[in-house]
Structures are given as structure tokens and as C-alpha cells.
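Colleague: This is the structure I have questions about; it appears just below.
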């Protein structure tokens, strides 16, 4: 489960303020005051400034020469990030106040909040979080000053941090990890919390900053949970305790965020997967490996079948490839050079032995495939290809396996075994732009068919430390994707260094019903794999040419898409996807036979329908099937049977009584056949009532 970043009421997340001048020798805070800008107590209070080089500065910053700065308000993304980082410091101070033996890890701001890692003797309990939150409120009320201090040398820092082993490790850190807020600036610095009256140091932390002026500039915060976490995310390192929290520019914004968290918890696909009997993760199978139950299997089948139909209409050819392959294939593709950490260990098989146990023929390493693209390259290469065959669009629901660390495995949205709706398109350079344009339209149209309609694009470019091919090839591929993305009319956000090792990509980012952003489809342009695999086609002039390869996963994976849709619809899938589309609920046992006749008629039209013959009372049956998110509930009592009718009952408790049987069947069949994504209600379902 994740929760979206939300702008404050009335704010758009941007900072509309104009630059101001900070005279040499004057604090930024003084210039803010001189300009008449709010400094505390309002959602748009200025918390830091950005200098001409784009660096965020404390309000206590004093430039050596006149400087033009942009004020950063609390209700902007940067402003919230600074508030959250400062709140993380307050949390760390509170932890060391209440747990003096605690050692400090890292404490960065993250989307919608912050966390801090600690080495402690026992895991934190809910009571501990309450006590810590109480102590934090005391610190906020005290108005402690955040005071930046520069270490004269690393030796001075090491001496001061002698009892903080994790901070000592960070003194020499050069990883560039964005979560490491302690170092990374031009200087090695600490931030001390000072008593506002005496200016005595109360507490401090290794940190590059920036921070808000005082703890009173934290308007609203809350601790949300704790969990175990490996130091620096590496399971080979020590296991620490992580406390998560959130902080906002106003109590109103915090309250709105808490409401979103609570709604996200209600929609959590892991919770709904159990309640609706959709899927599970048996311990006997292993972490990140899902099994789909019959109801979940129906939803999955419908997702796949509709996708297959659309791909057939769009000219794709269906292929299939095995789950394991010799190591050499992934040497050729480059996966073992650039992606080995994401692959499961090899299996050595096919060895032959002599009678005395000595090896006659050594075995070979085989790998579970992490991607389908190398195998699709082999399909293309299996015979000679002509320009007349291009573009060649290959499509597969291919199951792949990726070694995700146990700490990041999360329900269906981060798994180890996943089925990708994987397409690879081979085309000429002349066809490339048109193919990308039509592909992007196809992706957006298909996602819209499933009820996801709020999109923007992200352009991921080369990681300078992790790529194959020449700079010229990467530049051409990146420019083409940027051109196609811009033509789409959607917002195109840069993602520097975010591409896979073989080519740049456009990813379709989707917002769900709660406004959360999910990366969905990816489109990657690849000039490198055709060269690595020696792919060629015969051009119109008889010469041998290399095709361009386009990688595309539309859902990302079936599992992840299933989880996202479950949360988007809060488990109430559109009727065309619902595992049970209609249920007959008799008032009494004598009405069962009639409802079974109605059900038989619906089944003849392909409707997935059941009749509840349990011993429960009708009211309890209605509650049960409402909780099971069945879109159409059909009630029948004496009057309905006599009139050859049913009464519709919907999940929002609305009802249509006395609907003639034929009209009821027609309405349900019509709703499903039109693939309506809205939840049916008495207002939306147009049907003639007999009453």
C-alpha cells in the first residue's frame, strides 16, 4: 500500500513566489521579513530559500555577496520535504531522550513523510510510538533552534561521533544515495538543536540540511508505524528498527492525509485478497510467489482475455518461451553483466559422471529468466526475415522470476514470480516513429478500457554507469522517445539515469482513485539488442539491415496490475471483471427454484451467477454479498415469483423492485457486454420496473 503526495487545500504543489534579494551580510530570514512574506503559522509560510545555483538554504543563511533567492513555502513539495526532514530530527532526539542507548541510522524525508532508523535493544511497540510522539510535541513546543555547524575536519567529526557507529560510516560515504541526508554537500556539517533561551546545545545530528528555523515551524505531524529494516537496505547488514511518520504544513493537510491513509488501508489489496478469496501467499511456496484462487483466477483470466483480443486486433503475433535457459543467453544479452543481482542463482544441470563418480561431462548453468526479450530475439533470428514482415509484433504472457529482497516484496505489487504482458516489436528505422506513436495510443486506450484514465509520461534516460552501446545510439533513441512523448500531449517528466541498461524508455504513470501514482506501462527503444544478437532483415534493395527493437510491457505484470486494480476499485471490480457478476437471494427456501431459473437464463448469456441457498436469513445474505462486492443482487419473494420478476439490490443499498425477469436479464447482460467500469446503482441501471 502506498499513499500519494497531496497538495494542501488550495495549493497546487508549486511555488508561485517571485525571487527576492538578500543583501550581503544579511540573513535570508531578514530579507523574507523585509519582503513581507509569511514566516510561521500559515500553510504558505516560507521555510527555506533556493539560491541562484538551485541549492536550498536555511533562513539563517548569510550570503557573502548580494544574492537573488526564491522563497520556498511550506505547502510546496520542497517545503514539505524540509519540514519532514526536520521532524525526523525531532523524532531522533525524542528516541535518544527515551531510549538513551539507541544508535542513530539515517532519517530522510520520503514521499508523504519521513523515517528514521535506530539500533535499539527491543522493537518499538505502539505504546512506544505514543510516548515518542508526546515527547516530540514537547520538543516542538520548546521552539528549539536548528543551528548549522561546519566540522573543521573529518577527524573532528569522527571524534564527536565516536559513539555513533552508523554515522561514523557515513562520514566517508560517497555513494550519492539520496536517502543519506547526512553528507553530500560541499562541507561536512552537523545541525544542533539549541535551547532558544540559553542557546545551549540540546541535541545534534550529522546532516547536510537544510532545516526549518525552529521546531515551532513544524505545524502538524504524526508517527504512523514501525518496522524492521536492514542498514542501508542490505540484508547482509545489521537489522535496525525504522519508525515512519508524516508531517504537513497545517493540521488540515495532515487530517486530509490521514483520511487518505485510512482509505488506502481499507483498499489494501493484501487485505481484500483475503476477504474476497482472490489470492494468497502460502509460506510453503515462498515469499513473493502468489497463488490465485478460483475467484482471483476469473478476474485474471478476464484481464488477460480482453488484452489478447485487443492485441490480436492490433496485429500482434502470440509466442511462448520457456521459464529457464542456459547462461550463455544472458551473457549475450548482457543481463549477467548488468542485471545479475536481480536474478535467482543458477542451477547446474546436465552433468554426466563416470562409474567412479568423476565428472565425464561438466554441467551447464541454467537460469530462471528475469525477462522475455532475449528469447524473443531468438524467435526473430530463427529464420531469415524480409522488410515485408516488418513491423513484426511479438506478444507473450511470459512468466519471469526476479530476486527481490525480502524487505521490498509487497503483496502483488512487488513479487518474485510475475507474468509480464510482454511485447517486442521489430521494425525499420523508417517505421520507428510511427510505430512508437501507435504503440503509445494503443497502451493508453487499453489502460482506459480497464478504467484508468489519469496519465502522465516519464522519460528515463541513460545511467552513465550502467549501459551498453554507444552514446550516439542512446542519444538518437532518447530524442525519438522525447519527440513521441511530446506529441502525445501528456505531461512528460524527465527521469535522469532511470533507463534499463539496453535503452531509454517512456513509462506511463497512472493515478488511481486515491490520486496515487503508479508506474504502469513501459516503452523502451533499443538499438543494442539487435546488434548483440545479430538480428537482420533483407531490405527492399537486397542489403542486410538491422531492425530497431521496441520493448513494451503494458500492465507491467499481471500480478501488479491485478493489485492496482483491486485498490483502485476497492475490490468492487467492474461487473465485466467481477468473479461473481450476479447472485440470487431468495426471501425463503420456496423461492430458490424460481431464482435458479433466472440464474439459468443469465448463464445462457455467459453471466457468472450464483444462487445463495444457505440457511442464513435474507438480510444476512444481502450483507454478505454486499461485502463480497457482487455488482448485481437479485431478490425474489412471493410477489416476485407470481409476477415473474425480481428486485435489484445494489452495493450502495439502492434498490429497484418488481423488475420483469426478461428486463432484468437484458439489463444485466447489456451492462456487462458494454464493459461498464462504473459500479451499478439504481440510478445508473436503466430498467423498466413493474411497480
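The backbone N, Cα and C atoms fix where each Cβ goes, glycine too.
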Colleague: Can you match one of 257, 269, 551, 568 to the Zn(2+) site that Swiss-Prot gives for 373, 424?
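Modeller: The candidate from 257, 269, 551, 568 that Swiss-Prot ties to Zn(2+) along with 373, 424 is 551.
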Colleague: In the structure shown, which of the binding-site residues 424, 551 has the fewest other Cβ atoms within 10 Å?
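Modeller: Lowest Cβ count within 10 Å among the binding-site residues (424, 551) is 551.
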Colleague: I want the residues beyond 373, 424, 551 whose C-beta is within 8 angstroms of the mean position of the Zn(2+) site's C-beta atoms, in chain order.
Modeller: 371, 372, 376, 377, 422, 423, 524, 526, 529, 549, 550, 552
Colleague: When the pLDDT values for the domain 'TGS' (1-73) are averaged, what is the result?
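Modeller: For the domain 'TGS' (1-73), the model's average pLDDT rounds to 80.
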Colleague: Could you tell me which three-state DSSP class residue 551 (Zn(2+) binding site) falls into?
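Modeller: Reduced to three states, the DSSP call for residue 551 (Zn(2+) binding site) is strand.
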Colleague: Using a 10 Å cut-off, grab the number of neighbouring Cβ atoms around the Cβ of residue 373 (Zn(2+) binding site), all chains included.
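Modeller: 24, counting other Cβ atoms within 10 Å of residue 373 (Zn(2+) binding site).
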